[in-house]
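**Q** Take a look at the following structure, please.
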Ligand code: PFF
């Protein structure tokens, strides 16, 4: 799909495919735990601010680059400005995708394992009393998480190698709405738990006294990660858009759906966290401990658990596929390898480099640098450093390299109007670059 300049079949095709990549573990697994670590509501507000003021404008621009360049993540930049090295933005995106997949595959492997546990009725019965302990002993096992990670990478590689977009997209379109309905049911369940109000207050009532530059950087990283922004994904998917696609409206739709799923996940997690006396800042295992606790407490919990983990697994799978796809497209073209060879090669390298991430919760738990494990470093470097940095280059390209008026001309075709253009121009040229530079300098302690 990367190499043929097809066009999206239906009006919604682009938005649904992009939302399929954006909605994933970032919303259901990562958002609750980084929000919990960041102190709750204040983090959420900062995150929402970044999504609207930085994420949405950049997404509009990224899609426009793809549609204008009609090529992959790097070559679209080259097509627009062949004489200048802006394509490094695309290269940074490809490197980030690779790094994200290294740890993403670990967590996606955990969801696959939890689905199997739930489906075989072992999740809620055998580990009834202490879900934290059960999960802890699974992820610290010397090889079990590696096996699930490998299995996950094999599934992802099989799908990407075949280029079978059809099947997975169809499933995606069915199961995403199922996931959505499930999340709503769970939100109602969680909000009616006793003590839930306290969790709701934690999630919705901001206390800015706990906000540090680390929290601000984490919120920025979460915005980029969750939206799959500055990764080249929107350039690639945008290159399949027709000229009558309303880019700003589509970007708005993608952002809305992505935020909605994250917020609902928060509405489920935090009331339950307080009801069950779980520490909201406990880290990456938060949802794996909280969700089973919710299920064990509700009628038909076993069935809901199996369905839920299946949907989360699928949401993770579609995002993992988009992550590998961007890397494979590059390897395939750069070294003129067959698509199948490129896929298995990339998949294997991701797995090898990603193994230490899986071991970070067990045998390699003590291998830390500045308090971060290998897993934490991959996550931090990709989400909080590389993506925002690629975002800065993206803003500079749109605002000063390609020029806002040209972007406007690309967006405004066949009667489409870019109504918020003056605001967009100001954000892209001045506000976003300055904000990103300030956040960077602050996070490394220079200001
Ligand atoms: N946005 C995805 C999520 O929230 O799970 C993760 C992701 C997918 C990040 C694809 C980057 C990417 F290119």
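Using the three backbone atoms N, Cα and C, a Cβ is placed for every residue, glycine included.
Copied straight from TrEMBL:
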- 12-29: transmembrane segment (TRANSMEM)
- 41-65: transmembrane segment (TRANSMEM)
- 86-119: transmembrane segment (TRANSMEM)
- 139-161: transmembrane segment (TRANSMEM)
- 173-191: transmembrane segment (TRANSMEM)
- 211-235: transmembrane segment (TRANSMEM)
- 255-278: transmembrane segment (TRANSMEM)
- 298-331: transmembrane segment (TRANSMEM)
- 343-365: transmembrane segment (TRANSMEM)
- 377-398: transmembrane segment (TRANSMEM)
- 427-446: transmembrane segment (TRANSMEM)
**Q** What stretch of 41-65, 86-119, 139-161, 173-191 shows the most Cβ pairs under 8 Å to the transmembrane segment (255-278)?
**A** 173-191
**Q** Apart from its near flanks, which chain residues at least 6 from the ends of the transmembrane segment (211-235) lie with a Cβ under 8 angstroms of it?
**A** 18, 21-22, 26-27, 30-31, 34-35, 37-39, 42-43, 46-47, 50-51, 54-55, 58-59, 62-63, 65-66, 69, 72-74, 76-77, 89-90, 92-94, 96-97, 100, 254-255, 258, 262, 319, 322-323, 326, 380, 382-385, 387-388, 390-391, 394, 436, 439, 442-443, 445
**Q** At an 8 Å Cβ cut-off, counting only pairs 6 or more apart in sequence, do the transmembrane segment (41-65) and the transmembrane segment (139-161) clear the bar of 3 or more pairs?
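**A** Answer no: the transmembrane segment (41-65) and the transmembrane segment (139-161) share fewer than 3 Cβ pairs below 8 Å.
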**Q** Excluding the flanking five residues on each side, which residues at least 6 beyond the ends of the transmembrane segment (86-119) place their CB within less than 8 Å of a CB in that stretch?
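**A** Hits for the transmembrane segment (86-119): 25, 29, 72-78, 80, 138-139, 144-145, 148-153, 156, 225, 230-233, 235, 284, 288, 295, 302, 305-306, 308-310, 312-313, 316-317, 319-320, 323-324, 326-327, 330, 346, 349-351, 353-354, 357-358, 375, 378-379, 381-383, 386-387, 389-390, 393-394, 397, 401-402.
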**Q** State the non-local partners of the transmembrane segment (12-29) in its own chain: residues 6+ outside its ends, Cβ under 8 Å from one of its Cβ atoms.
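**A** Cβ under 8 Å, 6 or more out: 104, 107-108, 111, 169, 172-173, 176, 222, 225-228, 233-234, 237-238, 240-241, 245, 250, 253-254, 257-258, 261-262, 265, 284, 286-287, 312, 315-316, 318-320, 322.
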**Q** Report, as numbers and ranges, every residue of the chain located at least six residues beyond the transmembrane segment (343-365) whose Cβ falls under 8 Å of a Cβ in that stretch; write 'none' if there are none.
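**A** Same-chain residues near the transmembrane segment (343-365) but 6 or more away: 98, 101-103, 105-106, 109, 139-142, 145-146, 149-150, 153-154, 156-157, 160-161, 324, 327-328, 331-332, 337, 373-376, 378.
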